[in-house]
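S.K.: My structure is below; once you've seen it, I'll send some questions.
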């Protein structure tokens, strides 16, 4: 499948994004109380973003358990073409790796912000939800009809989740450069993209999911860990 090799390279850098998305366990408690109406999958997404690498046993830190791209298991709706994502990944992954060793408030994911900027979805700490919805739904037109509702529900859940941790997101946006040339990116882009990727993959209709050991392992892994 086209671009699978490029995506495999991106998955190898998953540790960097875990650092960007991690926050504190106290925030997780508040999120879960306020988001009781969300399904278990969405709570799992909240757990990742709110706890991140706080716990030594975080299953996300080692990356995917198998050398297989998720698109080989289930092709999900997408925001941008793989080539656009890889352009952003190539530009920013060097900085992201350097940020991995930094402590304190999680820094925003510039790969994700670059993706949002490539479609003019990001501006001033805000994501254009209406435009984002149109792009995701446009990608579902040639896909199974079930994806339409799944995508809309995912968008709704992810934006609600982001709203519950807005204080932490804003704190990350107010950081100053820690090393020469560091670009400070707003955490909102990474938060939304991570949530969408995890949710869509987890909700892949059974008839569209390739059932084998590797894909089952990826599904379990990505129920806890993002793709970016």
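Positions of Cβ are set from backbone N, Cα and C atoms, glycine also.
The disulfide bond feature in Swiss-Prot is assigned to 60-225, 73-215, 74-204, 88-114, 110-185, 158-195. Residues or ranges marked as N-linked glycosylation site by Swiss-Prot: 117.
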S.K.: How big is the Cα-to-Cα gap, in Å, between residue 215 (disulfide bond) and residue 117 (N-linked glycosylation site)?
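M.R.: Cα-Cα, rounded: 31 Å.
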S.K.: Sort out the sequence-distant neighbours of residue 204 (disulfide bond) for me: same chain, 6+ apart, CB within less than 8 Å of its CB, listed by position.
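M.R.: Correct list: 73, 74, 76, 219.
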S.K.: Filter the disulfide-bonded residues 158, 185, 195, 225 down to those whose C-alpha lies within 10 angstroms of the C-alpha of residue 114 (disulfide bond); answer none if the list is empty.
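M.R.: Within 10 Å of residue 114 (disulfide bond): 185.
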S.K.: What does DSSP assign residue 225 (disulfide bond), in three states?
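M.R.: Reduced to three states, the DSSP call for residue 225 (disulfide bond) is coil.
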S.K.: How many Å lie between the Cα of the residue listed as 'N-linked glycosylation site' and the Cα of residue 88 (disulfide bond)?
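M.R.: About 10 Å separate the Cα atoms of these two residues.
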S.K.: Within 10 Å of each Cβ, count the other Cβ atoms, then let me know which of the disulfide-bonded residues 88, 215 comes out lowest.
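M.R.: Minimum Cβ neighbour count within 10 Å, taken over the disulfide-bonded residues 88, 215, occurs at 215.
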S.K.: What is the total of other Cβ atoms whose distance to the Cβ of residue 110 (disulfide bond) is within 10 Å?
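M.R.: Other Cβ atoms within 10 Å of residue 110 (disulfide bond): 24.
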S.K.: Which of the listed disulfide-bonded residues (73, 185, 195) has the least company, meaning the fewest other Cβ atoms within 10 Å of its Cβ?
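M.R.: Comparing Cβ neighbour counts within 10 Å for the disulfide-bonded residues 73, 185, 195 gives 73.
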S.K.: Could you state the whole-number distance in Å separating the C-alpha atoms of residue 185 (disulfide bond) and residue 88 (disulfide bond)?
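M.R.: Each residue's Cα considered, residue 185 (disulfide bond) and residue 88 (disulfide bond) end up 13 Å apart.
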S.K.: Near residue 110 (disulfide bond), which of the disulfide-bonded residues 88, 158, 195, 225 can be found within 10 Å, Cα to Cα?
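M.R.: Passing the 10 Å Cα cut: 88.
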S.K.: Under DSSP, is residue 114 (disulfide bond) part of a helix or a strand, or is it coil?
M.R.: helix
